[in-house]
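Straight from TrEMBL, here's the annotation block:
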TRANSMEM  12-32  transmembrane segment
TRANSMEM  108-127  transmembrane segment
TRANSMEM  261-279  transmembrane segment
TRANSMEM  291-309  transmembrane segment
TRANSMEM  412-433  transmembrane segment
TRANSMEM  445-464  transmembrane segment
TRANSMEM  484-501  transmembrane segment
TRANSMEM  533-554  transmembrane segment
Amino acid sequence: MFAIPGLGRKPAASRIISIFFGLSISTLASGFDFAPSANFDYCWTNTVSKLNTSDHSDKDQYFEWDSTHSYHVNVSQPRITLAYCEAACGAGYQLWSWDDTLQRVTTWVFPAVLLLVHFHFAPLGMANTCSIIMHIIGDPLDTLWSMMTRQEINRRLFRRAKEYSKGDEFRHIATVWSAYDELGWRDPSAETLGLRIPDEKSDVPKGVHQRVLAKLGGWLGRPEAYARIPVREGREPTKAELYYIQLASHHLASNRSESQLTAWFAIIGLFISLISAFVRTYSLRANNQTSHTIAIVALFFILIPIVKISGNMGSFTSTSVAINIIQDLRRNLRTLNPDGPQLFPPITLSEDLGWDYTTRERDVEEGERSEYDSVKVWPKMAPWAGMNNSWRPCKQMLISDYFSSSDRSPAYLLFLSFLFIMSAYSPALVLSYKTPTVGFSCRSMAWTLVLISWIFSVACDQILKTQTPSAKILWRWTLIKDAFITIYFILTIVTAQIGLFNNCWCRSGVLDRGDTAYVTLGPLSQGDWNAAWPLWTITPISFLLFILALIFTVGRDGDEARTLLSRTESNRQADVLVLTNLRADLEQKGELPRASVSRLEALQPRNTPTSEA
């Protein structure tokens with residue numbers, strides 16, 4: 001196992017770097033001369049098109065036998081051998097014309113960028129935005145896994161709060177809990193309810209029989225742990241406390257950006273780019289290589305679930321708004337119960353935060369100084385301590401529901417993430433494998449190496465976690481690793497788009513066919529077009545529909561939970577009316593002190609200083 005410099009051991013992480021370098025050049029390490037020496041249009045017009053396809057004795061042509069190996073199958077266009085192609089047309093590559101390349105790029109670049117900008121980046125500055133873009137491209141598997149882990153945690157918090165409080169206030173309690181998760185991956189629900197963290201080896205029901213009994217127990221009544229709050233001596237939150245909780249919930253949701261609807265419009269934009277690729281393939285059908293544009297569009301399908309899940313969760317509009325709101329909530333609750341235990345734990349942040357939810361080297365004491373220190377240190381540690389939904393190195397979820405078998409395990413979420421990336425890779429592979437020569441060649445290898453690099457990236461994540469307990473150091477090394485993968489991905493796309501794969505070796509499918517490799521240079525015949533068109537349309541559309549079905553599966557049983565922080569404007573306005581009436585009622589009864597500011601002013605979103613976007 002390698003070691004990372006700066007962590008106390010040597011050698012450096014050069015092994016990882018060398019592996020990435022090998023991946024970067026392996027696509028180009030083929031049997032053709034790396035020089036622009038081919039001219040396929042001239043070669044077809046003046047040489048290849050004049051060959052006699054009926055002359056089965058011609059050694060420069062490839063003739064395919066029938067299934068019984070009795071006779072050669074007639075073809076409408078010559079199929080030349082790889083050796084003859086390199087001798088007659090040139091052993092190097094032929095770059096696409098600049099206008100053709102521009103059309104190819106604009107077909108998928110603009111929709112992909114439009115989709116990517118709808119990702120909800122945390123307001124932590126341009127450097128953080130670029131870092132997250134690198135993580136999305138360089139490690140989409142971990143990106144999806146991390147976001148679905150947070151979504152599952154919110155789902156579990158929602159159910160836990162619903163069991164704790166049967167009234168409408170449970171949603172607001174769960175909202176405050178979910179905000180804690182973005183501040184150092186903290187789970188406050190156990191402390192609020194007086195629960196002990198379960199021992200996964202002994203406490204959680206494993207067998208089917210145990211789960212059935214636990215499920216029945218949950219239907220018959222709330223578990224014992226929910227029926228009591230030892231730290232609160234059995235006393236449930238008062239109406240005044242619930243008012244402050246609901247007020248904090250409203251402020252959290254009002255300072256949250258969300259775009260569930262606009263995310264769908266961006267996804268539709270990528271679908272339109274797929275249709276544009278179909279149209280381009282049809283209009284330029286004289287070139288039998290044009291369908292590879294569809295393959296690249298399909299590869300960017302990986303952005304669809306990433307952006308959609310991000311739109312469901314949203315992000316806070318300011319770096320410190322959540323921590324300020326929660327600290328105000330704790331101050332308000334402390335005025336109602338100054339001497340007794342509090343409903344929510346203090347936010348104690350430290351730059352020594354470990355990626356496994358632990359704090360190293362020193363303990364942080366509760367108090368006013370601790371609150372000040374947390375506010376001061378949070379903007380520095382926010383990128384690697386929970387504010388970025390797409391990076392969560394520890395996938396363990398401490399919120400376990402004893403009486404429910406619907407908890408989604410980290411392994412299950414990883415499996416769903418893998419299905420997403422396979423749904424982007426598979427149509428690209430199929431289209432490149434089948435076009436124009438059936439066989440595994442440069443483009444097929446390129447997309448396969450992209451998939452391998454994504455899986456390799458997740459494996460590196462696990463190795464890096466063994467080298468350091470610090471979330472800060474792990475974040476930095478993750479970005480270095482993601483930078484190499486991102487550069488490789490971009491180089492692969494550029495290589496395919498400018499024409500470096502437009503050579504005899506890559507056209508022949510030699511990696512798969514071997515001695516039976518052949519090259520076709522002519523335009524698509526009507527028969528070839530009719531045979532290929534269903535493949536080019538049905539394959540990407542089928543996988544696109546499968547991705548949408550997976551998105552529905554991920555969001556199933558989570559529609560209410562995902563709106564804890566990302567609420568619609570109508571829901572926020574309804575909260576204002578409820579809060580206004582509730583405060584008036586509590587003030588009239590003397591359960592709340594009369595505020596020195598107007599009620600509506602108290603309910604407006606907080607003007608918290610924002611970090612540079």
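Using the three backbone atoms N, Cα and C, a Cβ is placed for every residue, glycine included.
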Three or more CB pairs closer than 8 Å, sequence separation of 6 or more: does that hold for the transmembrane segment (412-433) against the transmembrane segment (533-554)?
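Result for the transmembrane segment (412-433) with the transmembrane segment (533-554) is yes.
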Between the transmembrane segment (291-309) and the transmembrane segment (108-127), are there three or more CB pairs that fall under 8 A, provided the residues in each pair are separated by 6 or more in sequence?
yes
Which residues of the chain, 6 or more past the ends of the transmembrane segment (261-279), have a CB below 8 A from one of its CBs?
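Residues 107-108, 110-112, 114-115, 117-118, 293-294, 297-298, 300-301, 303-304, 307-308, 310-311, 536-537, 540-541, 544 contact the transmembrane segment (261-279) from elsewhere in the chain.
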Six or more residues beyond either end and a Cβ under 8 Å away: which residues meet both conditions relative to the transmembrane segment (533-554)?
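Here the qualifying positions are 148, 151, 271, 274, 278, 281, 291, 294, 297-298, 301, 304-305, 308-309, 416, 419-420, 423-424, 426-427, 430-431, 434-435.
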